[in-house]
Every structure is written in structure tokens, then in C-alpha cells.
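J.: Can you read through this structure? Questions will come right after.
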Amino acid sequence: FSVSCRKSKGKPNGKKPAPEEKKLYLEPEYTKSRITDFEFKELVMLPREIDLNEWLASNTTTFFHHINLQYSTISEFCTGESCQTMAVCNTQYYWYDERGKKIKCTAPQYVDFVMSSVQKLVTDEDVFPTKYGKEFPNSFESLVKKICKYLFHVLAHIYSSHFKETLALELHGHLNTLYTHFILFIREFNLVDPKETTIMDDLTEVLCSSSGSSGSSSNGSGNGSSNGAGAQNHVKER
């Protein structure tokens with residue numbers, strides 16, 4: 001991955017932060033909305049006969065397509081005007097090019113960087129091989145981790161900035177289902193640092209503890225909260 005992302009606490013758009021709004025996506029009437037009650041904890045587990053890299057490749061590619069599709073449903077509302085920075089709650093994400101230069105970009109530009117980079121990777125036979133006998137690169141797991149981190153940013157932005165539009169389109173059940181499945185998957189294989197996802201811990205706890213897999217998911221949420229308790233208030237660039 002020649003491009004990396006760093007984040008820093010900042011005031012989006014240079015304006016003073018808006019007063020803490022009530023998070024619509026945490027309202028019980030919306031969090032209970034799903035398109036299936038499937039046991040996602042069982043769904044994400046590695047099947048005995050499947051190679052780990054094959055499983056990671058298959059799931060990562062599927063999540064990429066689903067998250068890309070979910071974002072496309074609200075993309076007309078995510079504009080350079082409405083989302084002048086790639087913000088999630090009070091955290092702002094920056095895109096860095098291959099030379100380490102910070103690129104000032106709007107949320108739609110950031111998402112475009114993410115989707116273009118991931119599309120390039122998942123269609124590269126040397127990275128995501130589909131032909132029999134072709135080996136996965138040694139860097140495969142670290143690439144999957146980076147992809148999942150970026151996809152998390154996109155999901156979190158949809159919730160924090162475009163949940164009203166998602167509700168209006170009646171797609172919140174799809175979004176909740178996708179988020180639950182994705183979070184349980186990245187936890188199962190330790191693909192994203194809990195400090196990275198702590199910003200959405202309130203949602204994660206509600207969705208994953210009520211997904212029929214409260215055992216490990218609630219524990220994971222607790223770990224994320226303790227590990228990242230200060231992350232939301234003191235975010236370092238990295």
C-alpha cells in the first residue's frame with residue numbers, strides 16, 4: 001500500500017465543533033433493525049477446510065464491494081460542500097500519498113482514494129491470487145489489515161455524517177447488518193487495532209452484543225473501550 005492514512009483531532013472545516021448531537025444511529029428503534037438475525041459470529045469463523053489467506057481474501061473482497069455499494073447509496077449527499085473533511089465525530093482523517101505528503105481532501109475525495117486503492121489491490125493477481133497454485137505474498141495479511149482500516153473509516157463516516165439519509169432511504173437495516181458482520185470479522189482475525197475502532201465503540205457494543213454473539217463481542221468491546229479510552233480525546237497522527 002503506497003498510501004497511508006493518519007488522523008488527528010481537529011475542528012472540521014476550521015469552525016468550532018458543533019454541540020454534541022444526539023446520535024440517531026444509537027436510537028433503539030434503529031439499532032434493532034437488521035436484514036437478518038443470522039449468527040454472524042459463526043459466519044466469520046474460519047472453516048476447517050479453508051486456507052486462512054483464502055478466507056481473508058474472499059471476505060475482504062466481499063466487504064469492499066458491500067461497503068462501496070452502501071456508500072454509493074448516500075454518495076450524492078456526501079459532497080465537497082457538505083463534507084469538507086473526512087470526519088467521524090470529532091476525529092478527522094487525512095490521506096497521505098506515497099511520498100508521505102498530506103493531501104487535503106474532502107470526504108468524497110478520501111473515499112475515492114480508499115475505493116480506488118482497494119480496487120487496485122483486490123484485482124491484482126500478485127496480491128489477491130485467484131489462479132490455482134499461485135501463492136499469496138508475504139505482505140498479504142498486513143495489506144488486508146490496511147484495507148480493513150480504511151473500510152472502517154468509510155462505514156464510520158456513513159454513520160456519523162449520513163445516517164439521516166440512510167434512514168430516509170430505509171437502508172439502515174442493511175447498514176447495521178453490514179457493520180455487525182464486518183466488526184465481528186475484523187475482531188475474529190485481529191485485523192484492526194481496537195484503538196482505531198474505539199470511536200464507534202458505543203455503536204459496536206449495541207449492535208454486536210445484540211447480534212446473538214454477545215459472548216466474545218461484548219468482551220471485545222470492553223477491550224476496545226479500555227485500550228482506546230483516551231484515543232478519542234487524545235488522537236495522535238500515525
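Even glycines carry a Cβ here, placed using N, Cα and C.
So TrEMBL has the following annotated:
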- Cys78, Cys83, His157, His162: Zn(2+) binding site (BINDING)
- 1-14: compositional bias 'Basic residues' (COMPBIAS)
- 209-220: compositional bias 'Low complexity' (COMPBIAS)
- 1-21: region 'Disordered' (REGION)
- 209-238: region 'Disordered' (REGION)
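Help me understand the surroundings of these features in the structure.
T.: The Cβ of Cys78 (Zn(2+) binding site) lies under 8 Å from the Cβ of Tyr71, Ala107, Pro108, Val111, His157, Ser161, His162, each of these being in the same chain and 6 or more residues away along the sequence.
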J.: What is the total of other Cβ atoms whose distance to the Cβ of His162 (Zn(2+) binding site) is within 10 Å?
T.: 23
J.: When you measure from the Cβ of Cys83 (Zn(2+) binding site), which residues in the chain that are at least 6 apart have a Cβ under 8 Å away?
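T.: Residues satisfying the criterion: Thr106, Ala107, Pro108, His157, Ser161.
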J.: Other residues with Cβ within 8 Å of the Cβ centroid of Cys78, Cys83, His157, His162 at the Zn(2+) site?
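T.: Other same-chain residues near the Zn(2+) site: Ile74, Phe77, Ser82, Ala107, Pro108, Val111, Ile158, Ser160, Ser161.
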